[in-house]
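This report refers to the structure that appears directly beneath it.
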Amino acid sequence: MSIMLFILLQLFALVSCSPRRCDPGIRGLCKPTVEEKPKCTDVSLSYCDDMPYTQTMFPNILGHKTREDAEAGAEYLLMSVVESLLGGECNPEIRMLGCSVLTPRCERQKVLRPCWTTCEAVRKRCSHAFDAIDMAWPYFLDCDRFFVSDEEECYDPLEGLKAEQNEEAADSMENPPPEDLATTIQFSYHTNAQMITTLKKVEERCSDIATTYSIGRSIEGRELLVIAFSVNPGEHELLEPELKYIGNVHGNEVLGRQMLIYLAQYLCSEYLLGNERIQKLINTTRIHILPSMNPDGYEVAVAGVQDNTGNDDEEGPRYDSSNIGRNNAQNVDLNRNFPDLTTIVYSRRKRKGARTDHIPIPDYYWFGKVAPETYAVMKWIRSIPFVLSANFHGGDMVVSYPYDLSKHPLERNMFSPTPDDQIFKFLAKTYANAHESMHLESAKCGSSASNSQRGIINGAQWSSIAGSMQDFNYLHTNCFEVTVELGCDKFPPEEELFIAWHDNHDALITYMETAHRGIKGIVQDEEGNGIKGVRISVRGIRHDVTTAENGEYWRLLTPGIHIVSATAPGYAKAMKKVHLPPRMYKAGRVDFLLVKAVPDPEMQVQDDSIMSIDSYDRFDPYNQYERYTLMADVSQNQELREEKPWWWNYFVQPGGPAPTWLLKHY
């Protein structure tokens, strides 16, 4: 009993000695808990240690409570690798802008927010770099959300960087670099991201004469980016001829793609250096360059090359020249995917008054498999009054000209000329002769070698195909296009790129200059208004061109004497005799004035035998393309959801939330 009493006394003593519990009902028993206010602390994130301040505060602007929280986030991970991701572009501006949000400036125990004007300037200059790798502009660099105006006591997070740049600029004035990086040609293959970045840099460097624009996207969402050159590159100017170059129609034929990237850089740098030939060309012409029509195929081709270049012999890796990546992501050959208008022409060639120009696209075409790349190029071709064009391939060394489809009943290879055979031969010879070796017998290679003559060949005589791009250009629009095969190696080693540029660069320029051959002019009514849709005919050539929106036209012709006429419903026919000397390198100006007249019944009968203008203007009338793509989206929806950009796995952390804010199309 005494033992139990002793234990109870000991327990009572312990309880009585312990601190009394807080009871809000007893005054003075409870003391209020005081939370410690955040204080300025040293900037300790290693990728932010060069900011123009040394103190920061947590929680930061994004809500990270500690330095450890900030370091563990995908935002800081992005800042640590952004230089590599963007290929050094916009570095260190992007990183420092991000650091101004992750480790904001702290003064007098107060967080200062970075300036909206600084953020917006960086976003405008650098957003294309993220577009190039298919990454969204980072949410924490949202200028309206995390940055403030000058009136709200903001600070410039790039202040120290700008001071360094000003010093470097002053030094560069004393010792200027020989050439700007944007226009320095690096003779190596460009990824799709690098290609877009290069074109954007050229646009920035030569903003007065260059602009980039998109004509659409590939089946996998890659941008079909065009760069245009002119004194007013963003819009058409009266009587200025428009021309285009298209490369990489087949994804594994890559030399044309590289030549066109180099050409864009060359045009910019030479214009700035005062090259009179280049300045004259750009001042009088609008040049459009689409380096890659098939960027998806190129990605597959590059992967195939890397898989097949594992040897380490003395000659170095050899590149695979098979058909890996030739077609687009739908396995469509883009140079067989255009409307087959040549067959329509052949079926009507014995009909009186049958035309070989402005053939409407038959409605049944839209019920087939139309690739988005083909669709985009067709809309592009129809939207601009192109005069001249060339598309670039590999696997042979020759310039091919229309028709591509043989007139043989069984479509066997057979010489099948257009009504403009003379001008097409002239265009093909222009490129081949200006090329370093294409016109030489010793340069012949590939399947065209047995039939080509001094580097040129009729497409149908070489290899008859239906649905080609050059036939579509000629039969549907005013544009004359040839196909340039740049060499028998479709994917040559990088060390051969410089030689290829040396062989082709003068031919690329010389061919563009032929856009100024022949005649051009304006067709007006008696009141001086331009007339659209007037047919410009040349006696002896059964192929007309039509006037554009303002009544202007261009007609490529060989030297000689030509009888040219202008006809339009409701107007009297006008006719002129034109003499083009052999050494005339500027288009002759031939204007027409059309007078109102009573319609000619005979002409009306002839017009009725031809499809109407309304039929020509019908483009995808049943919206089959949109329906087709919607069906494709539904069938591939799961696959598309699973597909992520090449950099995605780097940012996905086990157990953590997926940084979907990095995805452009999420």
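The backbone N, Cα and C atoms fix where each Cβ goes, and this holds for glycine too.
Predicted automatically and left uncurated, TrEMBL annotations should be read as such.
Owing to the predicted nature of the structure, the values given are computational and were not obtained by experimental measurement.
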(request) With reference to TrEMBL, specify which of the listed residues Cys90, Cys99, Cys143 is paired with Cys119 by a disulfide. (result) Cys143
(request) Could you round the CA separation between Cys119 (disulfide bond) and Glu485 (active site, proton donor/acceptor) to a whole angstrom and send it over? (result) 46
(message) Give me the DSSP three-state residue breakdown of the domain 'FZ' (35-157), ordered helix, strand, coil.
(response) 58 helix, 15 strand, 50 coil
(message) These are the disulfide-bonded residues: Cys119, Cys143. Which one scores highest on other Cβ atoms within 10 Å?
(response) Cys119
(request) Tally every other Cβ atom lying within 10 Å of the Cβ atom of Glu485 (active site, proton donor/acceptor). (result) 27
